[in-house]
Amino acid sequence: MSVIAGHHVPRSNDQRQYDTPSVPINIAPDSEGHIHEMSRLKDYEVIEKLGQGTFGVVQKAKSKKDGSLVAIKQLINHSAKEGFPITAMREITILKQLNHKNILTIQDMIFEEPKMSNRTDIITMRGSFYTVTPYMSSDLVGLLENPKIKLELGQIKCIMQQLLKGIQYVHNQKFLHRDIKAANILIGQDGVLKIADFGLARIYHGNVPRLGMGPGGGEKAYTGLVVTRWYRPPEILLGERKYTTAVDLWGIGCVFAELFTGKPILVGKSDSHQAQIVFELVGSPLTWTDAAKLPNKNEYSCGLACKRSLEAKFASIMPTEAIDLLSGLLTLDPFKRLNALDALNHKFFSTDPLPLLPTQMPKFEESHEIDKERFKKLKDKEQAVSELKPPTEIRYDNHSESRYNADHSTFGGGVGGKETSFSSGKSDYIDHYEPRARRDHYEPRIRNDNKDSNDVRGEFESATRQEQRRRDIQNRLDAGGMDTYIPKTTTAKLREHSGTESLSKKYDNYQPINVSRGSKSPSPSKLSSISQSKADLISKPSAPKVASRESSLERKQVSNGIRTTTDVEPPRARARRPTDMFGRPLTSNSTQAQPTRNKSVERPKDLEKPTNGVTEDRNKKPVLEEKKEVVKPNLAIPKIKKSSSLVSLSSRSSTTPVISNPSKVTKRAASSVTPPVLPKKPKISKTSSESEVSDLEEDSDFTGENATVFERFMALEQLQKSPVYKRIINEKMRFEKLSGGHKSM
């Protein structure tokens, strides 16, 4: 395939006067006017991936011949029937006829032969085609997502002026772009804007736009599966098929507002929802006379009660002239919508500040749509630091507090259960404010002190803060003088670098307090005797007194040891742990052994330790097993239910079904008898226009306009002399031959 340089469709004299200045195509044909043999991928060094769309994958590369940076786009073949993608053929055919500085041009074509193990693989493994275009350092999505870039009004005017000039040239050549969005608008380091991705572009029939005369076209029906939903105009949402050049101006209006907001303004989840938010912004469809005649009545009816909010929404971020231009671009009636010539003559471009020249534009950091996630993380990080940064200096002590940073608790993180990633410790945060003295500055007191009635902080603290301080003091007293708490942030860092095992080994050598020399932590066998309740020891007449003294001594050691147990959980969690009748926190063993006042708890067999005078029969305990209970059939309860409790063999059998949770079962039974009547949610009808942007269903064969495109693409006599043309014809013949032979088999 070859591209003939300088080939244009004949135009009338009245069309030339609306053309903007153009630049020559950067293609060097041979003496016969043909481009030489197509390049190979090995002629380029791929650097990185720039993005991926519906019709191809774009990569940044460097030419090995001259060292220039280029963008290589792989043409994806969606249909196995096509030897060459029809969308790529249409894009190349249209770009061959466009020659403007604000339109992206094709420099080269690449063809890669398929790697086949046998001759039949050509049916599934065809050669790959690539287009080579000049490398553009940024696209509009990347610039708007980059937190380091803030567009000024003069820069916005320069971008909009170039965009309108480019789309005006496209419309004067009688083409519809049909996919205007921020991702398809590219900006180079020289400040020149280029419109890209003509995969959905089509020729239109009718008059070209004139100044003050509305849009052009509207004489032929097209598919409605065009334009990305967030930039889709209301006429396509309502089912119009004979649309005009106004569909591109609606997308430009959305991009114009996005330059001020930094994000898309009309983000719909479906076509019905998209139509609703459009009507909420620009007003009810009742103001548009022909809207009621369009086929999509569901989208029409959802906006009847909507009121216009465009001016109120953008009044605080856009000047008056910009709002007036935006209102003209986002007009419901496409025949009243501004065309490109009308927009270029708007007073927005003639008021101060004037639009910058492309050479005056700054050299922005390289920003593409693929960098969107990276920019989002960077933006969230900066926002978190700015929100948590205190207004005055920070005392670099993990336990210092002040009324100016009272939103952060003593232990790091937010107060009242609010999780934050900020800690006022020196290792986590460095403040750059210069310290300055204040008259009301005070020395931070230690956490064991009681609240002083003369403390000025009491005037600025809430009840939640005071309650937190009392809880901290109580936790400090319960710790027995030894601070074994590790801040959460430090613990997290230790776990990241060395894991939880090294953290636990760090405290293995800690010894209990108030224990005689040579004594160690109680063994598991001694813990079993400690777990016996006081009532059980008294009930054994043959038990010697020495055993009771030993058990009381061991109980005392354990109670002292509990206070020095290495516990890295926050003091708030320790405060919520259950305690015994003496206020001591319970461990897993002590919790199991703690008797209740009104109910006796039987001792497990494996924890009992036989003593002198106590027989084996007395220590025996009935074997416990799970019991299946038969439950009467009910609407809410199954016939057979497995009991979750353990039932002794000596217990009495009961015919009454045991219900583990009567409240839940009662609710279930009540709900089964009288089910609540839930309001029905309105169903959103999904029409054919809900599909993604595609034009393949109606153009899957070479009939109708596609045949005209192909004939126009291949009919030139000079084109047939090209070796690229011969390569495509040969591959097509091989495919038809092998495909026909494969079917006959």
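Note that Cβ sites are derived from N, Cα and C of the backbone, with glycine treated the same way.
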Annotated region 'Disordered' segment (source Swiss-Prot; candidates 1-21, 358-378)
1-21
What is the total of other Cβ atoms whose distance to the Cβ of Val58 (ATP binding site) is within 10 Å?
22
Taking only the Cα atoms, work out how far Gln52 (ATP binding site) lies from Asp179 (active site, proton acceptor), in Å, as a whole number.
15
Cβ distance under 8 Å to Leu50 (ATP binding site), same chain, sequence separation 6 or more: which residues?
Val58, Gln59, Lys60, Ala71, His368, Glu369, Ile370
CB neighbours within 10 A of Gln52 (ATP binding site), counting all protein chains shown, number 15
